[in-house]
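Here is what TrEMBL records for this protein:
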type: DOMAIN; residues: 67-198; note: domain 'L,D-TPase catalytic'
type: ACT_SITE; residues: His159; note: active site, proton donor/acceptor
type: ACT_SITE; residues: Cys167; note: active site, nucleophile
type: COMPBIAS; residues: 370-391; note: compositional bias 'Low complexity'
type: REGION; residues: 370-399; note: region 'Disordered'
Amino acid sequence: MRGERDMKFKSVLFASEGILALFMASALLAGCQGKSLEDISPKAEKQLPQKIVMKMKAKGMTTTSPILIRIFKEEGQLEVWKRKDNGRYDIITSYDICKWSGKLGPKYIEGDRQAPEGFYTVRPAQMNPKSSYYLAFNIGFPNAYDRVNGRTGQHLMVHGACSSSGCYSMSDEQVAEIYAFARDAFRGGQAGFQIQAFPFRMTAANMARYRNDLNYPFWKMLKEGHDHFEVNKVPPKVDVCEKRYEFNNTAIGPEGIEPDAACPPVGQPDAARVSYMSYQKTFETAFSAAESSSSKKSPAPTIAGLEEAKLVSAWSAARARGVKVSREPPSLSPASAEKPNAPGIAAPTMLAKTAPAAQAPTIATVASTPQVPAAPQPSAIPATQTAAATPVPQPNPASRTVTITSLEGLPTGTTATVSASGAVQSAEAAPEKKSWWKVLGR
């Protein structure tokens, strides 16, 4: 009888020790992440900071009023706007984007590492409270415009963890707030919120800087939607017809229109049209002044259309298969447009255009001074566009050009630069950062 009591006592003792060990492990885990035990609660249900709630009240907003998000790549900014009691939107807060991948310009194909630009809608089903990147929501790429123009890709997100391959990545703290804004708006009845993703702030000075860029016609189209919002402070009605965006055309009913169909004559209320035209007149005056100014800031690197997108996509596919490739993706422009202090940023690999074939290595890392990249082929540039001027680096007498032929997926004849000694340095694919749970599991 005594032995049975001793056995029960030991069982209770061992169980208590197990519970204590589990508690200590949880505390240690929270400590490793710099978080307290209260953070173990569901992160998707975190409430907005009180100072933001008070700011909303002061602006005539409620916690559940509809939202809109604007993204500006070059400036690295994500803005959250909310609807006020008068029906117009006002900015409530903005965040520094931790990282976005690729360059200025739209996403073309799967694997090109470009973060999307355009007008997208996020609905409740696109929210992911169990993301491996803390919290996330799917942007909605490809939309109707992307699909009708043959653009491909999937799983493009705004997420945490500050790591990106085609997404807009935030810190965990930032994405928790952005997620809370969206969650509360959905609970207030908003069916879907609009994301407006731009390459840069659509000012006259910036448009003048990029007026010769290959992507300029696309950006002018995005600016139409941007300006409708600037004038009215109401999210523009967005449709796609004639394979382009169409904004605030009341002749298009709620059932929409086929994205490749002819656009109907623009229908807008007179007051809205007058306000919009007045805004455009002011812009044109400022654009002319900026165009003639000699103090323009240098443009940031931009993607050279589908041609460069295919190169990067092939590089991504080869890297995924374990092929030794350069650390950074191939490029037809001189540098990356990503934030200089973002994780994992280095000078990108430069690929020059076709050269006479030589004995080819498997794949080369470009020398520190690249060859001059040629402009895209004329067939890749619409008649209404002008190719951007390409900066000319100084020649490097200690390097020569070779042709890469054995990397599957890259066009034959693509060239790279190797050292004068003939040595070709192959770079391992950049090691992926391990999540804390993978580190603990080693």
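Note: Cβ is positioned from N, Cα and C throughout, glycine not excepted.
Note that TrEMBL annotation is computational and uncurated.
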* To do: Express the distance between the Cα positions of the residue listed as 'active site, nucleophile' and His159 (active site, proton donor/acceptor) as a whole number of Å.
  => 8
* Structure fact -> Secondary structure split (DSSP) over the domain 'L,D-TPase catalytic' (67-198) reads 24 helix, 45 strand, 63 coil
* To do: Could you pull the average pLDDT for the domain 'L,D-TPase catalytic' (67-198)?
  => 96
